[in-house]
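*Asks:* To start, I am sharing the structure in question, which I have written as structure tokens.
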Amino acid sequence: MAQVLSLHVFFSAERHKVGPSKPLKRIHNPKTSLSTHRKGPQSPMRKTQKLNLQVSPHRAVSAVRLMRIEMGGAFADLLNEKGKGSGDNEMGYVERTLGFRTKNLDDRDLRLVTDIVGGTIRWRRYLDYLIGSLCHDDKAFRNMEPLLLQILRIGFYEIVKLDMPSYAVVDENVRLAKVSLRPGAGNMVNGILRKLVLLKESNSLPLPKLEGDDRTQARALAILYSHPVWMVRRWTKHLGQEKAIKMMAWNNDDPSFSLRANSGKGVTRADLVMQFNMLKVPHELSLHLDHFVRVKTGLQSIIQAGLLKQGLCAVQDESAGLIVSVVDPQPGDSIIDCCAAPGGKTLYMASQMHGQGMLYAIDINKGRLRILKETAKLHQVDGVITTIPSDLRTFAESCQLKSDKVLLDAPCSGLGVLSKRADLRWNRRLEDLEELEKLQEELLDAASILVKPGGVLVYSTCSIDPEENEERVDAFLLRHPEFHIDPVDRYVPPGFVTKRGFYSSDPVKHSMDGAFAARLIRTLSLKHNELWKYGDLDVLGVRMVGPLWQWTMSNASDFKNTSPGDAI
């Protein structure tokens, strides 16, 4: 359970919160079936054979995972996380979808599945363009059976992007199509893949040209870099074409991972580095955060060694760690994490409090909060965490709880984490941003109620889109003039501070996920009856000396003429 949460902290990135839980959840159609729609007679092998040792296990598992992701609403990172080559679990899906089992996955097979599934999803638009170009007509491609299309995508990805031996790719994918569908499907795969091999060897793959007006160029870029057209047009508008291309290239590259040493359990970064050296996992130290280590490869070795399961570390991107730096949790603080699940930032903040203070973790998802609570015990930070299952908007209306610091890590599009969430780019629509705008504003208004006078409200997202970030903050400040921007330059390195004093991480510039945070201070509202009561003593935690006391004395006559309870 702890391992599951630790991986969520990174991958789902924090899977960002719907309701107030995190990004919008994929809509699952209960009428969609994962069973393949076969035409013609079934293969005799399928009728009689349950265990097929001739079919490549990593290709069979990859095809089934791709089916589950595209048709069944599963998330790619969770399948990679839960599969782990566990025979009955993985092969159960293979048997129900294909009608037979293969041998269980070994470590090499598992790495191949992870690479192929992630890469095939990233490059889906590009691969489909190539497949469609090599089919005899558009209708054949549009009406292609789901499983047959997945098998072709795997073959195209292996040949074009992985440079695997073409003869092996053709032979193995033809066999998979014949056994799982029918001989005719295998013949079709054979013909199309052989065409692809010839075109690749002659360096004449059919690709769109980058020419014409902005709209035409956006369509070509969407194919060449395999992103939705609306996303390409939006980034080209906000970033310029050159930066947009770099952003898409970053999203298509193999992601790196960051792991945070669990200081709540007394684990230092040096301890973590020693463990990585023993496991022979290549790594480098974070340049920005003392508890973080980056790894490009070897995450499976770390998982299998039990470092996550023992609570020694957690997978967490540095961009998320820097958001915690903006909150600046201190021992003795009272903090509310408004949309806490899956809990990565909650656990990190708790570890920084050293057992002193209180951290309230609110989320609408009871199950995820339960996992957070169990992981807090594993990480030995449960003493400061109280979980509250509730919709933030309802909670804020009825609760008198006020805190020093409030973090709203809001539900967002997740456009900053596309390198790790391979499937997310295909599950987002332009309309989602419009729907999220209303939710983000409702949650911000609710979170603001929980902030003490003089307290801090941090609004953050894992998005790079200004409409979800700066524009939401500006709209909030218009509605709530009692808040003002507190520049983050005291909390994060200068390279992450925008001209307006916000925190922003840029995937291309900083080689980490894209994220945003604004630190807002609630104005300290003083009432004159409190000033007369306390005189030059502390008023609401502020020492009444210097300019404030001088202003009070110089305006004493006006002050005395105000009504009791009036705020200054």
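Just so you know, glycine gets a Cβ as well, placed from its N, Cα and C.
In case it's useful when we look at the structure, here is the feature table from TrEMBL:
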- 19-50: region 'Disordered' (REGION)
- 247-523: domain 'SAM-dependent MTase RsmB/NOP-type' (DOMAIN)
- CYS339, ALA340, ALA341, PRO342, GLY343, GLY344, LYS345, ASP363, ASP391, ASP409: S-adenosyl-L-methionine binding site (BINDING)
- CYS462: active site, nucleophile (ACT_SITE)
*Asks:* Any idea what the Cα distance is from ASP391 (S-adenosyl-L-methionine binding site) over to CYS462 (active site, nucleophile), rounded to a whole Å?
*Replies:* 21
*Asks:* Note down the number of other Cβ atoms within 10 Å of the Cβ of LYS345 (S-adenosyl-L-methionine binding site), including every protein chain shown.
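*Replies:* A 10 Å sphere around the Cβ of LYS345 (S-adenosyl-L-methionine binding site) contains 25 other Cβ atoms.
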*Asks:* I need the least crowded one of these recorded positions (CYS339, ALA341, CYS462), counting other C-beta atoms within 10 angstroms of each C-beta.
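*Replies:* With the recorded positions CYS339, ALA341, CYS462, fewest surrounding Cβ atoms within 10 Å: CYS339.
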*Asks:* Please work out which residue of GLY343, ASP391 has the most C-beta neighbours within 10 angstroms of its C-beta, and give that one of the binding-site residues.
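*Replies:* Answer returned by the neighbour count: GLY343.
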*Asks:* Could you measure the widest C-alpha to C-alpha distance across CYS339, ALA340, ALA341, PRO342, GLY343, GLY344, LYS345, ASP363, ASP391, ASP409, the residues recorded as binding S-adenosyl-L-methionine, and give it to a whole number of angstrom?
*Replies:* 19
